[in-house]
Amino acid sequence: MSERPRLTVLSGPSGVGKSTVVAHMRKEHPEVWLSVSATTRKPRPGERHGVHYFFVTDEEMDKLIANGELLEWAEFAGNRYGTPRAAVLERLENGEPVLLEIDLQGARQVRESMADAQLVFLAPPSWEELVRRLTGRGTEPPEVIERRLEAARTELAAEPEFDVTLVNTSVEDVASELLALVDVV
Ligand code: ADP
Ligand code: 5GP
């Protein structure tokens with residue numbers, strides 16, 4: 001049997017259901033380790049520091065970047081997001097699977113720095129359904145939704161760059177497909 005990549009990146013447009021799918025998978029398989037990103041975005045209701053994100057100030061983000069503490073980082077729809085390097089490398093060195101849930105720009109950076117990373121694209125069943133989900137989530141004001149939909153057009157066009165595409169019609173189905181790809185033993 002060939003060896004599987006140990007680092008998996010899950011990407012896809014905002015609102016497609018990345019967090020929902022990952023949360024569903026981890027409810028049944030808490031052993032799947034998901035990197036917690038740093039972000040300058042403000043927490044949504046229910047989001048906790050150190051669990052969903054490390055919520056940092058602009059100055060703190062500047063420092064993380066300057067000190068080389070991020071494996072990758074990007075500006076997305078007006079906020080910065082980045083993957084803390086040390087925790088990821090530690091797990092990979094121990095041979096443990098790592099899952100990143102990051103945007104397209106981040107996925108491209110990981111592809112550059114880690115050639116054997118597995119890039120998974122989560123696609124919506126249709127454009128209309130993506131708009132419905134992003135709007136229906138009710139967490140962003142209209143102008144932010146507009147920015148995110150603008151970014152979504154670019155992200156959808158980049159789908160061929162990914163190794164695997166999963167279409168998020170059923171959360172249960174996609175969560176089990178993703179689990180198989182992450183290859184948790
Ligand atoms: P992302 O993390 O990709 O930005 P979310 O996980 O926040 O997206 O999902 C956006 C919205 O879509 C949420 O309201 C979520 O409940 C809903 N959603 C996610 N997956 C599905 C699905 N398969 N069918 C219907 N609604 C979904
Ligand atoms: P949200 O604000 O909806 O939580 O996330 C917005 C976008 O930022 C999503 O596409 C999400 O995958 C991405 N994102 C989250 N964390 C990171 C990260 O560490 N790096 C990059 N490049 N993108 C991230």
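Residue positions begin at 1 at the first shown residue.
Note that Cβ sites are derived from N, Cα and C of the backbone, with glycine treated the same way.
Some features that TrEMBL has for this protein:
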- GLY12, PRO13, SER14, GLY15, VAL16, GLY17, LYS18, SER19: ATP binding site (BINDING)
- 5-183: domain 'Guanylate kinase-like' (DOMAIN)
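Overlay of TrEMBL feature records on the structure.
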{"residue": "GLY12", "record": "ATP binding site", "Cβ within 10 Å": "29"}
{"residue": "PRO13", "record": "ATP binding site", "Cβ within 10 Å": "27"}
{"residue": "SER14", "record": "ATP binding site", "Cβ within 10 Å": "22"}
{"residue": "GLY15", "record": "ATP binding site", "Cβ within 10 Å": "23"}
{"residue": "VAL16", "record": "ATP binding site", "Cβ within 10 Å": "26"}
{"residue": "GLY17", "record": "ATP binding site", "Cβ within 10 Å": "24"}
{"residue": "LYS18", "record": "ATP binding site", "Cβ within 10 Å": "21"}
{"residue": "SER19", "record": "ATP binding site", "Cβ within 10 Å": "16"}
Exercise for review: May I have the list of same-chain residues other than GLY12, PRO13, SER14, GLY15, VAL16, GLY17, LYS18, SER19 whose Cβ is within 8 Å of the Cβ centroid of the recorded ATP site, in sequence order?
Suggested key: LEU122, PRO124, LEU130, ARG133, LEU134, ASN168
Exercise for review: Would you mind sorting out which binding-site residues among PRO13, SER14, GLY15, VAL16, GLY17 put a C-beta under 6 angstroms from ligand 1?
Suggested key: SER14, GLY15, VAL16, GLY17
Review point. Of SER14, GLY15, VAL16, GLY17, SER19, listed as binding-site residues, which ones have a Cβ less than 6 Å away from ligand 2?
Key: SER14
Check your understanding: What average pLDDT is reported by the model for the domain 'Guanylate kinase-like' (5-183)?
Key -> 96
